[in-house]
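What TrEMBL records for His83, His85, His251, Asp325 is Zn(2+) binding site. Feature annotation from TrEMBL assigns Fe(3+) binding site to His83, His85, His251, Asp325. Per TrEMBL, the feature 4-imidazolone-5-propanoate binding site maps to Arg92, Tyr155, His188, Glu254, Ser330. The N-formimidoyl-L-glutamate binding site annotation in TrEMBL covers Tyr155, Asn327, Gly329. The domain 'Amidohydrolase-related' feature in TrEMBL is assigned to 74-413.
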Amino acid sequence: MAKPVWIKHALLATLKGQAGPRSGAAMSELGIIEDGSLWLEDGIIQAVGTTDDLALTYGGRSGEAEVVDAAGRLVTPGLVDPHTHVVYGGSREGEFEKRLQGVSYMEIMNAGGGIHATMRMTREASEEELYDQSRKRLDAFLVHGVTTVEGKSGYGMDLETEMKQLEVMKRLNAEHPIDLVPTFMGAHAVPAEYKGREDEYVDHLIEKMLPKAAGLAEFNDVFCERNVFTPEQSERILEAGKRYGLTPKIHADEIVSYGGAELAAKVGAISAEHLLKASDEGIEAMAAAGTIACLLPATALYLREEAAEGRKMIDRGVAVAVSTDCNPGSSPTVSMPLVMNLACISMRLTPAEALAAATYNAACAINRQDRVGSLETGKGADVVLWGVHSYQELQYLFGVNHVESVWKNGERVVG
Ligand code: NIG
Ligand code: FE
């Protein structure tokens, strides 16, 4: 059993104090404790308070603990990445060059590249190869302060490969320090063998894939986009998933405005993703339904598109989370710190809002808020010590990894 850990003299951003997604002004409430202290033991946060408070209750046990003097540096919950495609085969740097020459993301996909290219490479990869590639990516997430990651299938689009991806996630969740939360995304594209028979693929997915995937996944996601899945097809898939206990998520309004935000509200999705082109009506509907906006500013940058209107969404009462969207096409990054920087720079979130979006609200977007996303007694001891002295500095000094140490379930895994 690991020694207890006593972190002292930290600037703690606890994010504590609210049950459920934060919206509006609550997104700025970080629960700051100056000269703060944490006691981590048995994988759990046992106490949170000022260093003086904890000296009273735990001072007598300091001899048996690893004592960390944060010397005024920032300590936050482990970051949560609520939207990734982290398990995939191969890579697509050739397409990156094509896009820089002016070919669009959808043109590449419609010509059989993009998601289809990764599908072929993922079908070909053995389970072991997929595991090894993805494990390296999770290692890199951890180094960037991320302790919980959602992962989607969706590069198989046949039962065998979708299950292979979900099995790899199950193994990684068990064997890697990061908690990996599985989402089924068989509706990521219509595979070539179903071209012109899109509704048959939807039937096949609902009848043959969903019942099996439901044994391994918690969420069900659809790429609702022109020339991919229509809102009607997306609704059928998400409603069918609900019957198997899968909670809906939607890739919505990424490339064109397509009614995705409205659909997310209608089907009771826990979150809607991307939303670059979401309509005002869609934003209002999400606010009313309590749908979390999971915004991906690194993807917008990488596609050379305007980022989603994060500022407006928060001002209209939508709870905002942010994510890397880690995938081989539109966002090959694992850096949540960069995503927080971009949330400020390209979506005008405040530094406090960006931190809430990458911790507590991100946890809410994958239904893990009872366990992670804030520093509270009884929660998992997932903690990051940053080499900065304020949360503003964390967002201000951009493109740099400020992580000094990471604890996952009370064990030091970085630094
Ligand atoms: O979230 N838009 C659809 N899916 C991913 C990209 C996947 C890929 O290009 O491989 C996304 O951007
Ligand atoms: Fe995505």
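Positions of Cβ are set from backbone N, Cα and C atoms, glycine also.
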Inquiry  = So if I take the binding-site residues (His83, Tyr155, Gly329, Ser330) and measure from each Cβ to the nearest atom of ligand 1, which come out below 6 Å?
reply    = Gly329, Ser330
Request  = Might you list, by sequence position, any residue in that chain lying six or more from Ser330 (4-imidazolone-5-propanoate binding site) with a Cβ less than 8 Å away from its Cβ?
outcome  = Tyr105, Thr299, Tyr302, Leu303
Ask   = List, in sequence order, the same-chain residues at least six positions removed whose CB sits under 8 Å from that of His251 (Zn(2+) binding site)?
value = Asp221, Val222, Phe223, Cys224, Glu225, Gly260, Glu273, His274
Inquiry  = For a Cβ distance below 6 Å to any atom of ligand 2, name the binding-site residues from Arg92, His188, Glu254, Gly329, Ser330 that qualify, or say none.
reply    = none
Request  = Count the Cβ atoms, other than its own, that fall within 10 Å of the Cβ of Gly329 (N-formimidoyl-L-glutamate binding site), considering every protein chain shown.
outcome  = 24
Inquiry  = Give me the CA-CA distance between Glu254 (4-imidazolone-5-propanoate binding site) and Asp325 (Zn(2+) binding site), in Å, as a whole number.
reply    = 12
Query = With a radius of 8 angstroms around the mean position of the C-beta atoms of His83, His85, His251, Asp325, what other residues of the same chain does the Fe(3+) site pick up?
reply = Thr84, Lys152, Asp221, Glu273, His274, Leu296, Thr299, Ser323, Cys326, Asn327, Ser331
Remark   = Close in space but at least six residues away in sequence, with Cβ under 8 Å from that of Tyr155 (4-imidazolone-5-propanoate binding site), the same-chain residues are His85, Val87, Tyr88, Gly89, Ile115, Thr118, Met119, Met121, Thr122, Thr161, Gln165, His188
Query = Around His83 (Zn(2+) binding site), how many other CB atoms lie within 10 A of its CB?
reply = 30
Under 8 Å by Cβ from Asp325 (Zn(2+) binding site), same chain, sequence gap 6 or more = His83, Thr84, His85, Glu273, His274, Leu296, Ala298, Thr299, Ser331
In the chain carrying Arg92 (4-imidazolone-5-propanoate binding site), residues 6 or more apart in sequence that have Cβ under 8 angstroms from it = Gly113, Gly114, Ala117, Thr118, Pro328, Gly329
